[in-house]
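Visitor: Sharing a structure here in structure tokens format.
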Amino acid sequence: MTDFQFYLASNSPRRAQILQQLGFRFALCCCEIDETPLPDEKGADYVLRMAIEKNNAARQQWQQAKFSQNRPHLPFLSADTSVILEDKILGKPKNEADARAMLRALSARTHQVITAVCVADENQMQTVIQTSHVRFKVLTEKEIQGYIATGEPMDKAGAYGIQQLGGVFVEHIEGSFSGVMGLPVCETVALLKAFGVELF
């Protein structure tokens, strides 16, 4: 009997942390994909496509003989999160100037955080999209520069992490806090349950 319940097709330490805190047992199985948005692609369409492509890539990798040898057939969980401001997808900043521009744009405004979750095995695939609305306070240039200097924004969509220092900029959130982090727990647990992976 294996000591894990599913494969996590994600490089995100935040998603792994959320799942570990819930008590799930999983093995990492992820690979890089092209995350470039298509021309005029909507935020919800983009995150759903990314979640599915991550899942497909991980399952394809698993099927390779060297990886799948002595590995059990279990579901694969993948997800993708994007920050959307006025229909524009804000991915991870390319550099500090990009992070500064994103944070200036988010200042004193409400944006969407959309996360798509995908669970699949050899027989079926199920997906869900969760959308939250997040409002930032007015950010000063000193706050923006100080935050960028911590390095925290550089690996996060929209250039902030709500569960860390970036949370001090959030005035209001409507939706899922864990979804803004990168994995909406209510929806994710329901998807996993449909594949026989249960918490209780």
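All positions are counted from 1 along the displayed chain.
Note: Cβ is positioned from N, Cα and C throughout, glycine not excepted.
Pulled these features from Swiss-Prot for this protein:
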type	residues	note
ACT_SITE	ASP80	active site, proton acceptor
SITE	ARG14	site 'Important for substrate specificity'
SITE	THR81	site 'Important for substrate specificity'
SITE	GLN163	site 'Important for substrate specificity'
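Can you tell me where each of these features sits in this structure?
Guide: Less than 8 angstroms from the CB of ASP80 (active site, proton acceptor) sit TYR46, VAL47, LEU48, MET50, ALA51, LYS54, THR115, ALA116, each of them six or more residues away in the same chain.
A simple way to gauge crowding: the CB of ARG14 (site 'Important for substrate specificity') has 19 other CB atoms within 10 angstroms, across all the protein chains here.
All chains included, 27 other C-beta atoms sit within 10 angstroms of the C-beta of THR81 (site 'Important for substrate specificity'). DSSP assigns THR81 (site 'Important for substrate specificity') to a strand in the three-state reduction.
Around GLN163 (site 'Important for substrate specificity'), the same-chain residues six or more apart in sequence whose CB sits under 8 Å from its CB are ARG14, PHE177, MET181, listed in sequence order. GLN163 (site 'Important for substrate specificity') falls within neither a helix nor a strand when secondary structure is assigned with DSSP, and so counts as coil.
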